[in-house]
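Listed in Swiss-Prot for this protein:
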BINDING   30, 31, 32, 33, 34, 35, 36, 37  ATP binding site
């Protein structure tokens with residue numbers, strides 16, 4: 001899949017945006033605070049239906065304006081299509097191929113891989129960041145995963161509410177009911193995570209080794225005591241764990257085992273990346289994770305996603321940067337933001353004060 005045209009009106013500092021990018025490498029250059037990241041955000045918003053920088057859609061609308069839109073024209077193996085996202089005081093409306101859709105459907109249908117400085121939180125941050133990556137970036141490749149995730153969160157909320165109430169026969173019956181639901185959907189999530197990691201982890205480790213000449217290992221840390229797909233987990237595994245900690249849960253008012261507490265560990269040369277890896281190693285690990293997603297998209301859909309790299313590629317040395325670009329050369333459309341530097345073989349767009357023009 002590739003983006004053939006991106007248009008926007010009153011989006012951030014772009015009052016009017018109309019760009020026809022190259023099918024391959026696109027460089028978006030300009031000084032700081034001119035709109036480079038806003039351009040990447042516009043593309044991402046069109047393809048995903050939400051921002052990667054702001055939780056409030058209203059912040060995306062140009063100051064003093066009431067509404068905004070972003071529209072993307074796309075070309076893929078099934079032909080041409082269009083997606084349009086509109087923001088106004090009444091809310092957000094997304095239309096894809098003439099039909100209203102939600103952002104969850106866009107995430108599954110329109111391949112997008114984003115790498116920004118904030119993604120270093122996959123290594124530096126807490127377990128929640130890594131679970132979010134598992135659920136929203138990798139879970140889309142497992143049939144039924146996102147539905148199971150919604151049902152698990154609902155069951156978990158109900159169970160936690162009961163744990164905080166305490167007491168009575170009716171309470172005990174309801175707690176057992178929601179415990180069954182938590183176990184059922186929780187083990188669906190765990191099975192799905194282990195399944196996709198068996199495919200994803202070798203890709204990321206191979207990419208990291210090719211660029212860095214070092215060893216990367218990915219470890220799944222489960223609160224149920226299962227890891228790395230040793231065997232297929234079942235609902236009974238989680239049920240036994242929850243039974244063992246029931247009194248602790250009642251005192252705490254929280255479910256104390258399940259995929260909502262699990263974590264990933266990234267081991268660089270046998271040592272955990274979060275406390276021991278250098279800044280450069282951490283950056284290389286995250287880039288390997290992101291580009292492994294590109295291969296997953298191609299493997300599962302037969303099409304490459306649109307790749308968005310916000311400023312970070314130029315923080316690598318030239319040899320490693322060339323290896324990354326070589327990896328992406330085959331049928332992958334890439335957008336890279338930078339201050340001034342330009343790569344040969346690319347289409348270059350210059351951003352200045354919310355205006356963007358192609359350089360000849």
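Including glycine, each Cβ sits where the backbone N, Cα and C put it.
According to DSSP, residue 36 (ATP binding site) sits within a helical segment.
Annotated ATP site 30, 31, 32, 33, 34, 35, 36, 37; additional same-chain residues within 8 Å of its Cβ mean position, judged by their own Cβ, are 38, 337, 351. With all protein chains in the displayed structure included, the most crowded Cβ environment within 10 Å among the binding-site residues 31, 36 is that of 36. Counting only same-chain residues at least 6 apart in sequence, those with a Cβ under 8 Å from the Cβ of residue 30 (ATP binding site) are 36, 339, 350, 351, 352. When other Cβ atoms within 10 Å of the Cβ of residue 32 (ATP binding site) are tallied across all protein chains shown, the result is 8.
The local packing around residue 33 (ATP binding site), expressed as other Cβ atoms within 10 Å of its Cβ over all shown chains, amounts to 10. A 10 Å cutoff on Cβ-Cβ distances gives residue 35 (ATP binding site) a total of 23 other Cβ atoms nearby, all chains included. Neighbour count (other Cβ atoms within 10 Å of the Cβ, all protein chains): 21 for residue 37 (ATP binding site).
Long-range Cβ neighbours of residue 34 (ATP binding site) (same chain, at least 6 residues apart, Cβ-Cβ under 8 Å): 351, 352, 353, 354.
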